[in-house]
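Data first, discussion second: the structure below is written as structure tokens.
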Amino acid sequence: MLFSLLALTFASPFVHAVPRGPWHDEGNPRWHGFDRPGSSHQAFVGGVTTDVNAVADKSFDYVICGGGLTGLTVASRLSEDPNISVLVIEAGYDNHNDPRVYDVRTYGEAFESELDWNITSTPVPWQNDTGLLLVAGRTLGGSGSINGASWTKGPASQYDVLPLLTGDDSWGWKGLNEYMLIAENFNLPEPREIASGAMYDPAYHGQGGPVEVSFAAGIFEKPQQDALEASYKVWKGLERIDDAAAGEVNGATIIPNMVVTDESQNRSSPFTAYAMHQVEQRDNFMILTGQRVTEIVWKEGDDMIAEGVHFQGCRDCDINFVKADREVLLSAGSLQSPQILELSGVGDPDVLEAAGVPLKKAAPGVGKHMQEQTKNSVVQNAQEMEYEGSGPPSGIAFPNVHQLLKDNSSATYDYVMETLPEYCQELQDKGLVANATATHTILEAQVNNLFKQNAAASEVFFTVSPGTGQLGIDLWNLIVLARGTAHISSNNSWDRPTVEASYFGHPLDMMIQRETCKQSRQVYQTEPLAQYVKSEIVPGEAVAQEGTDEEWEQWMKETFTSVWHYIATLAMMKEEYGGVVDNRLKIYGIENVRAIDASVLPIQLSAHLSSSLYGIAEKAAAMIKEDQKGFREHPWAHQH
């Protein structure tokens, strides 16, 4: 199996390694027993626990639903104030000592295990009507504890679409990048790493943040460098870029990962970076594991005000309640934050009625607008060689749409723009988006970003596997025009959500993926990379050397997988656009519930998502702290 670092993104359990205390043991939480100012004077618990009694019927200032990347980041920042109490409820457990988590070389071994939610998409007709695996981490740190740990950022031009959708300039590249820098502790590459191709621009990296970002100590100098050289020849105009975090990613480069710098090269995960050390030192910060939030509980009255949440350890277990004195924060991810909101009576009335959930507030955009990418692989048998490195792989090319479509790019642009209004209406008619007119505005911005601003259209990730003697490319279309949904399938939180990803739902999605596949084969047939190739394994005989577009597309549809970069199911954009959260991440019409995870990103990025999600979480924490100043002025803050 190729060591493939694609879709999800790396991190390390020994960044702040400390001994596990007795409070980690089931049934033995650590009680510190001090009274929180401004609370109901209850004794409070800090630490990681599985003991439901430590939480049930207690109250916390902030209750965070989900202990993944964003949830732990926000929890850590809010609990910096000792007078603020924070509870994180996570369905998974503390698995940071599991090699499937801390050792990035085991990438993929956690998939379809107890560390994964094991959600599948609706049946895919080209793959025997089976659903595709939709990986989502079910452990402290979430997907950030089992992903590929790549640290890249999208082009500045894509972040600068966010102010158009939100009406808030602070969500543009300049504003959001400031928060990405706060999260990062960038480790300068060693001379050997520089000699092997590591390049960086210090202006676009932070130092002193919780997340360790480093170049792999064992960068593959060969054949990785030769793969980049071959890509320049196949995609005319593609050049080496210094840094994939500098706001311009149309090029090729060696990327850093979220790993520590010692010999272990272990993952710097959301849990080890933001929470493991902090939760053991702060009496006002608690993490409850092994429990899932089943719904938000609303205060009685006409106004939508969250009182707290219900949570449960198994389908037949007792349902427990915990009170949120200030806010409930949804950080369960793009597939499950919408599920919690819908089970709480907030969503599309038709979806809720079909599932048997009483409507509390109509919010047509909940669970819609989902964007997900598609991955194929091209694999070669390699000649015997010296790899000059131990990995992990880190070479990536990011061709733009003109480099992929070549002479057809102009005609393709005209076709896409001409048919966009009809396509957007079709999306609304199918229930995939909330508003066709607004979707046209969004897709038009994305298409112009691809064709007029030369944003990277595909990611071509070069994989190296010395143990198997194979070389490969994992590739995916970055900016899809297809839209999908993630909705509840019943009124029971233990039933998995129904996820319709609408793979290849727009002709441009298929075209970009097809050309990337075809041309990735050409990269391996181009020197200086061709010298290492013995024979092709995938697609091999399934697609002839002069295969037609139809043959390529058939093979692609039969072999693709999801990339696991789901976004936009609780999109942050204007309410009239079908947005669910406003520019301060509050659910429209609900004063004290926010969503803070990948579900709020309204458009896909030409990047791995972790750096952007850390930026969103850091920005969210800063906004919540700002809003705390006026908390006691809200009438609902005094309702008990």
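Any Cβ shown, glycine's included, is placed from N, Cα and C.
No curator has checked TrEMBL annotations; they are predicted automatically.
Among the features that TrEMBL reports, signal peptide is placed at 1-17.
Taken from TrEMBL, the feature domain 'Glucose-methanol-choline oxidoreductase N-terminal' covers 137-160 (among others). Mean pLDDT, taken over the domain 'Glucose-methanol-choline oxidoreductase N-terminal' (137-160), works out to 98 on the 0 to 100 scale.
Secondary structure at Trp564 (FAD binding site), as computed by DSSP, is coil. Feature annotation from TrEMBL assigns FAD binding site to Val293, Trp564, His565.
Beyond its flanks by at least six residues, the domain 'Glucose-methanol-choline oxidoreductase N-terminal' (333-347) meets 65-66, 68, 117, 119, 134, 136, 142-143, 293-296, 298, 304, 355, 357-364, 366-367, 370, 486-488, 491, 493, 497, 499, 566-570, 580, 587, 590, 595, 597-599 of its own chain at Cβ-Cβ distances under 8 Å. The feature domain 'Glucose-methanol-choline oxidoreductase N-terminal' is assigned by TrEMBL to 333-347 (among others).
Taken from TrEMBL, the feature active site, proton donor covers His565.
The Cβ neighbour count for His608 (active site, proton acceptor), using a 10 Å radius and every protein chain shown, is 31. Summarising the annotation, TrEMBL assigns active site, proton acceptor to His608.
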According to DSSP, does Val293 (FAD binding site) sit in a helix, a strand, or coil?
strand
For Val293 (FAD binding site), which residues of its chain lie six or more apart in sequence with Cβ-Cβ distance below 8 Å?
Cys65, Gly66, Ile89, Val309, His310, Phe311, Ala332, Ile340, Ser493
His565 (FAD binding site) to His608 (active site, proton acceptor): how many Å between their Cα atoms?
8
